[in-house]
Amino acid sequence: MKSAVVLFPGSNRERDAVRALRLVCGSEPKVVWHGDSELPSGTDLVVLPGGFSYGDYLRCGAIAARSPVMDAVRKHADAGGLVLGICNGFQILCESGLLPGVLMRNAQMRFQCRVVGLRVENSDTPFTRGYNAGQVIHIPVAHGEGNYEADAETLTRLEGDGRIAYRYCGPNGELEPKYNINGAIASIAGIVSEKHNVLGLMPHPENHVEEQMGSTDGRGLFAGMLEHVSRAA
Amino acid sequence: MKARVTVTLKPSILDPQGKAIEGALKSLGVGGIASVRQGKIFEIEVEGGDKAKAEAALKQAADKLLANTVIENYRVEIE
Amino acid sequence: MKARVTVTLKPSILDPQGKAIEGALKSLGVGGIASVRQGKIFEIEVEGGDKAKAEAALKQAADKLLANTVIENYRVEIE
Amino acid sequence: MNAKTPEITPELVAEHGLKPDEYQRILDLIGRTPSITELGIFSAMWNEHCSYKSSRIHLRGLHTKAPWVIQGPGENAGIISIGDGLAVVFKMESHNHPSYIEPYQGAATGVGGILRDVFTMGARPIAALNSLSFGDPSHPKTRSLVSGVVAGVGGYGNSFGVPTVGGSVRFDTRYDGNNLVNAMAVGLIDVTKIFYAKATGVGNPVVYLGSKTGRDGIHGATMASAEFGADAEEKRPTVQVGDPFAEKLLLEACLEIMANDCVIAIQDMGAAGLTCSAVEMGAKGDLGITLDIEKVPCRETGMTAYEMMLSESQERMLMVLKPEKEKEAEAIFRKWGLDFAIVGETTPTKRFLIRHHGEVMADLPIKELGDEAPLYNRPYEETPKQPVLPFTSVGAKGTLADALEKLLGSPNLCSKRWVWEQYDHLILGNTVQRPGGDSAVVRIEEGPKALAITTDVTPHYCEADPFEGGKQAVAEAYRNLIATGARPLAITDNLNFGNPERPEIMGQFVGCVRGISEACRVLDFPVVAGNVSLYNETNGRGILPTPTIGGVGLIDDVATAASIAFKAEGEAVLMIGE
Ligand SMILES: Nc1ncnc2c1ncn2[C@@H]1O[C@H](COP(=O)(O)OP(=O)(O)O)[C@@H](O)[C@H]1O
């Protein structure tokens, strides 16, 4: 699998993403500069990493969403290529219109860094096939604005089309407000695009791929993408 | 030329920040506040003296970047 | 009663947000913008009809919470 | 010299925080009345914050050497070797007064400053810690100070992208009017690629990097050294606003020009920015520096030389560049969207010469600006020894269960989760032991080595017996490190005290420093960096003596690190020690 990690000014979890791709998928991703207007040829997966692109000034992801490389990312997505936006990457995807909805301030108004439970809602996407539907995994979050909001119509569509990939949950998959770390509508942690080839996800699977870091629950996401790409090839 | 673009959340959108401020004002003993909603204001210095041109540029700025029109409204004022 | 409190950074204080937005507008090709400074606006619904009382409450709110007068100025407007 | 120079009156001298005898010293040194710019430069260089004039004499006695120490106190940060060609760069610094006035920005810029100290030397920051002291929870200001400071520490570190892995929080009514914000940063560096402040070579370009200069914090350096009065909030001294985004870009740009071998010397602009950094680079290299101040990138129009020399705008650096690398270095900075301007050059004269549009605004002997700073051996009174009370005299108040309940209910022992969950403690993917244990454990790259890091002090012990309290702080740091299986290597201190002009406060300072020194010597646990914050006092009431210790230890194989959690049922619990 050929992957590329986009570096925006202010990105800061790109090294974590690079390491996870190397450890789980077995190949070193290319790092692409935000000012580039093309992706390396043959790219299968583009990762928009976590961080504070442009300081998260104005609105999270707003300025990055309008940088030259995003036209290339849009083209890649239109052609069916995989795009994974983690945390700030998710915010950028929403701001650029590649995914619907917005990410607002956390309901408790504070940045939150902790490990949360995530329920895998559906195992038919490239980003979830590494897990079983209904499986609960544990992955860290680290964000101040991850409170997903969408209007009723969008939400109905997301639910109906099986586009909600991950939800915040309790140890046994319970969807209770106390497990909903940031107050997101319908406990949404991650959604996919209409064609299921773009995922926006607030939590950080890339930080849970090594036993030494306490858990390997994040590996399934990367392994699933690898499998998807190798099958397609 | 001095101009202002004011960006506010659409009324239908929940404003957690405004709610938090409402609560904080109550606990600080500031009385009589029924509700608070928080928005952004951009004070912009525009080059040149053509008001119509400035207004067009500011609208463009708001549509392209300053506001997320999915959740926000904006208003442009030129002095 | 509807009121607005506008909070802006004092002119000498660095505004990293404004600076970043300025740069972004330039690279988006929005012309003629000389400078941008970002502030906050609070749209507040005040109970009762006593304007003087409302103004006093809003000033108190601004001093105690909405603005840090070390780095920010504020302005209270009642409709 | 300069027609526009205001007359230097005794009042003006006093406003600059210079005592009459200190001003006399300036007159003797330069043989004439200083210009206003020169007066500003002296006030910046000779205040407590920059010159350590009250503390220097006592700090000389600290234990600072060991075979693994590469750089002890005196540079931006201390450096210790950890083998494999790698070294660890670290330091702790206070941002107390600014955090009281504007908690969010004060704390944020404190974190920004210490991170800059570490990456100025060429290290990539891998961890941050913080030690926070607040007033009584019931004091009306405490709540907003706590939330502002914690949000500021997190806001800066999270955006910059360094994991904040540990620290401490305490509450005591003695911090009601003076909270403490001590921030520590730890970075990793290749031992062959360490950068220092010392300039070399004549005629080399002096380059300004980073964000533009504004009028912020112009009296910051003096503010940090003056006792608070009741009108502190009225004076509204300008507080700097931090821009972690700019700092992140500055980090990447600096590491890139360093990797491309462009840099001769580099220094961050901290307190009294341009003045301190330029003087330090010149003085350390036995060279003069000439600055053409109009070339400094400014945020505001009409700034005077005085303002530019004293501005404390954040996210700026000064560098002496290899002349042949000018284009390359500039291209790197432009790519990251940062200012890059040649503002002067090194000279053989050992003079600090400031010109503004050709007009000489200051012309001072560069070495003497630092070396001739006043040095005080302030009178001190040893803290009276307290009698040792026999156990029996401390009658039990209530049952054991009551006592336990009281302890558990104390804000000082409560869970600090609310604090550290607002810090991204996982970014970079190496935080093996997260907050909640004795020390944080941070893996070095992909292992197997790891660092254990902790911050400790118990101010009440320091007040009861400064010598024993100083010892205890070091010993506690040492214990927290070995509890994870680490070999303790070195510490940074951050000495927070009240007004040193009061002999009993000076007595606390001297006692604590002696205690720290003694413990470091006995444990062979050297001090490699430190910071002193005095005048933490409001209306004559000082803080508890708070000599914070930041300790760093090495774990050879992270797989063997111990943590505090019980691992299984039925295991034996042992107590060791006295
Ligand atoms: N300001 C802080 N920032 C980050 N972590 C903190 C802070 N304060 C406390 N912690 C973390 O919380 C845990 C408990 O702290 P503390 O109650 O001071 O414990 P101890 O007395 O055992 O050191 C430690 O792991 C510490 O690193």
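In case you wondered, yes, glycine gets a Cβ from its N, Cα and C as well.
Per TrEMBL, the feature active site, nucleophile maps to A:C87. The active site annotation in TrEMBL covers A:H204, A:E206.
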Quick check: in three-state DSSP terms, what is A:H204 (active site)? coil
Do you know offhand how many angstrom separate A:H204 (active site) and A:C87 (active site, nucleophile) by C-alpha? 7
Output, ordered by sequence, the same-chain residues six or more apart from A:E206 (active site) with a CB under 8 Å from its CB, or 'none'. A:R13, A:D16, A:A17, A:R19, A:A20, A:P49, A:I86, A:G218, A:F222
Quick one: give me the count of other CB atoms within 10 A of the CB of A:C87 (active site, nucleophile). 27
Count the other Cβ atoms sitting within 10 Å of the Cβ of A:H204 (active site), across every protein chain shown. 27
